[in-house]
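Chemist: Following this message is one structure expressed as structure tokens.
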Amino acid sequence: DSEGGLYVCMNTFLGFGREHIERHYRKTGQCVYLHLKRHVIEKVPGASGGALPKRRNAKLFLDLEISSDLNSDDFEYEDEAKLVIFPDHYEISLPNIEELPALVTIACDALLSAKSPYRKQEPDSWEEELQASKHAKTLVQLDNGVRIPPSGWKCSKCDLRENLWLNLTDGSVLCGKWFFDGSGGNGHAMEHYKETGYPLAVKLGTITPDGADVYSFDEEEPVLDPHIAKHLAHFGIDMLQMQVTENGLRDNDIKPRVSEWEVIQEAGVKLKPMYGPGYTGMKNLGNSCYLNAVMQAIFSIPEFQRAYVGNLPRIFDYSPLDPTQDFNTQMAKLGHGLLSGQYSKPPMKSELIEQVMKEEHKPQHNGISPRMFKAFISKGHPEFSSNRQQDAQEFFLHLINLVERNPVGSENPSDVFRFLVEERTQCCQSRKVRYTDRVDYIMQLPVAMEAATNKDELIAYELKRREAEAARRPLPELVRAKIPFSACLQAFSEPSNVEDFWSSALQAKSAGVKTSRFASFPEYLVVQIKKFTFGLDWIPKKLDVSIDMPDFLDISHLRARGLQPGEEELPDIAPPIVIPDDPKDLCFRRSFLIALDIDESSVMQLAEMGFPLEACRKAVYYTGNLGAEVAFNWIIAHMEEPDFAEPLVIPAFGEVASSGAAALGAVGLDNQPPEEMVAIIISMGFQRNLAIQALKATNNNLERALEWIFSHPDPEEESDPALDTMDMENHANANILAETGSEGPRIKDGPGRYELFGFISHMGTSTMSGHYVCHLRKEGRWVIYNDLRVCASERPPKDLGYIYFYHRIPS
């Protein structure tokens, strides 16, 4: 609550704002609450030049924390704690040992001294804040003509090429030893300080446009250098040309990336800040820019605005006792923070005048800090729960999966992204075909590097780059490949080979090709440019390309046509089970082989996303080689299991036999479908009862079950009270579950003509590093969302985007 403080139930230890505490009391009957309130004492100049305290209420936010700098020397705090007894609101000031039982006193003390839940959930992001070095402002730099190249560094005393530090006074490059990062070395940087007294050094390999790691030998700790750009420029280092290495140690990884960082963030251009509803920034919690960019794009879509912000009172009324663990509550709070305008207000004229007079810039009290949202949405996920950089595309799919599992209202807002893909697989020998449909949310476009229009420039640049690296000279100015969008679209529509294709017409392996078309067009089309890949050394890398993405897109020609006259379908025959001659064979004891091998291309697609290789193999196997998208849903549903990353073990023949004939294809008496298969179909947008009905009708064959669903538009209604109860327990907001039918995934089909309204760009060499920025078109102009910074865009870099958002043009 912005003024009323925080009320903590002494029984459940849940915190509530002033507007919710009465409802919690009425619902639970809990009557003892700890009331916490913080007063900020702001120092204002006094008549004698000193500082006089000016008291005001602090805005205590449970989640939407204002990003003002309340840790500066301009503020002090005064905390107030009281015990409140409902319903009479009787207050007891704390501490009060005489009037309170010992147990209550102990509980209050424990609460007041406890760490914030954010600190518990994200300990890595709560490192001690660095202070500006006392030497930064007055640092003397020698005019000795030293210029530091962008690569090829080594210690000037021992030839080490790692853990190197640049002394900011004389430009010496020396190895470290006893520094805060624990890296090894021979300690020559420290010896140099003892000999010369030059206090500051910057670690080479950590310099980016956002800063660098600086250490003060005199102060014996890592510090901030507010003038780092000027100090580096003295030795010929332009921060905008530097990109952090993967581990901060390797010398050959430094590449000049002027255009990418400058163009995407629109550096060097004076941008006008934007304020008001829909122009609220989000604080970077430590490599959380991927989340910020995706959520800005999501809440620019009217369907998501209506579902969460429009239903905010209803969501709050039906939220569970612990709203911190409810998806819809967290989405509604975040959406309200971004769209209300309460956290995006222009500075007062008096504040601007004060800043000009003092020649200083104070951070504006704008933006929200989505700590609770990130803590909840990433809970249990091995990557998103960390403080490492992540792939925005993976997070988008993760978010959609959670939206699907937590419906709100009569329509699910993720319906606007869902579309059907028709996959046509043809046996090259028999020429027979099979048509299958699958659900998807993203159109993934390959980068057609062979279609670059500036090949001569690229060849010349590559030659110059290699010569510069060999001679340890500064690298030439970057030349980026220019790829026509039409070439990427053509590559998407071309047939692709199917590895180890088993032809049911030939009853044997054969060559096969697959083409994909749109069986339906979504309301909002999300296009991902597949820039990330693996190098020959299996190190993830990014294709640095420029693609002329259109403002208006027409993909009507990619509409699926279904089975054509003259085409003959492949027989619906499953591959045979291959049983070894000797059942006692050791290999057979571990597994028996099925002729339909694991689709390694799908495995590698998932591995590129950062999932363990064995988990990817299991996902593809258990989803019947239906593609990476289906396997991805399996991974999301099973990643919390303890054996998630264990090697794939298929039951041995004896185990299969003992489990009954049903395991080999026969229908058992019970025939209750495996829960993981049910979960996979539900994650595609189908209802649970339909998934169970389809699996039962197809002997628990996942691929045939999907075909059955599409061939039975009006299945028989089947109600299982036990299943209904289980479904209700799986949703926190059970009172506002969507009313859904069993007609299959909801599809908003329409014309295939779209207009661009947003895109997310990535800066960096791989998904494991770098920075994300979002551009959105609002009220007729482009706006850049760069974490807390929200400004009118002057030069939106539409050719350098990673994920693009299009909305359908009404016919």
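Easy rule for this one: first residue shown is 1, then count along the chain.
Even glycines carry a Cβ here, placed using N, Cα and C.
Just so you know, TrEMBL annotations are computer predictions that nobody has curated.
According to TrEMBL, the protein carries these features:
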- 131-239: domain 'UBP-type' (DOMAIN)
- Cys155, Cys158, Cys175, His188: Zn(2+) binding site (BINDING)
- 280-809: domain 'USP' (DOMAIN)
- Cys289: active site, nucleophile (ACT_SITE)
- 597-638: domain 'UBA' (DOMAIN)
- 672-712: domain 'UBA' (DOMAIN)
- His771: active site, proton acceptor (ACT_SITE)
Chemist: Can you figure out which of Cys158, Cys175, Cys289 (the recorded positions) comes closest in space to His771 (active site, proton acceptor), comparing Cα atoms?
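Modeler: Among Cys158, Cys175, Cys289, Cys289.
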Chemist: Can you tell me how far the Cα of Cys155 (Zn(2+) binding site) sits from the Cα of Cys289 (active site, nucleophile), in Å?
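Modeler: Checking the Cα atoms of Cys155 (Zn(2+) binding site) and Cys289 (active site, nucleophile) gives a distance of 35 Å.
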Chemist: Out of Cys155, Cys158, Cys175, Cys289, which of the recorded positions has the smallest number of neighbouring Cβ atoms within 10 Å?
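Modeler: Lowest Cβ count within 10 Å among the recorded positions (Cys155, Cys158, Cys175, Cys289) is Cys158.
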Chemist: List the Cα distance (Å, whole number) between Cys175 (Zn(2+) binding site) and the residue listed as 'active site, nucleophile'.
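Modeler: Counting only the Cα atoms, the answer is 32 Å.
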Chemist: If you measure His188 (Zn(2+) binding site) to Cys289 (active site, nucleophile) at Cα, how many Å is it?
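Modeler: Spelling it out, the Cα of His188 (Zn(2+) binding site) and the Cα of Cys289 (active site, nucleophile) are 37 Å apart.
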Chemist: Please report how many Å separate the Cα atom of Cys158 (Zn(2+) binding site) from that of the residue listed as 'active site, nucleophile', as a whole number.
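Modeler: Just about 39 Å between their Cα atoms.
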Chemist: Among all protein chains shown, how many Cβ atoms are found within 10 Å of the Cβ of the residue listed as 'active site, proton acceptor', not counting that one?
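Modeler: Other Cβ atoms found within 10 Å: 23.
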Chemist: Note down the number of other Cβ atoms within 10 Å of the Cβ of His188 (Zn(2+) binding site), including every protein chain shown.
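Modeler: 21, counting other Cβ atoms within 10 Å of His188 (Zn(2+) binding site).
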Chemist: Per DSSP, what is the residue count of the domain 'UBA' (597-638) in each of helix, strand and coil?
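Modeler: Secondary-structure breakdown of the domain 'UBA' (597-638): 30 helix, 0 strand, 12 coil.
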Chemist: Could you put numbers on the helix, strand and coil content of the domain 'UBP-type' (131-239), residue by residue per DSSP?
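Modeler: Across the domain 'UBP-type' (131-239), DSSP assigns the residues as follows: 16 helix, 21 strand, 72 coil.
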Chemist: Check the domain 'USP' (280-809) for me and report the mean pLDDT.
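Modeler: That region's mean pLDDT is 79.
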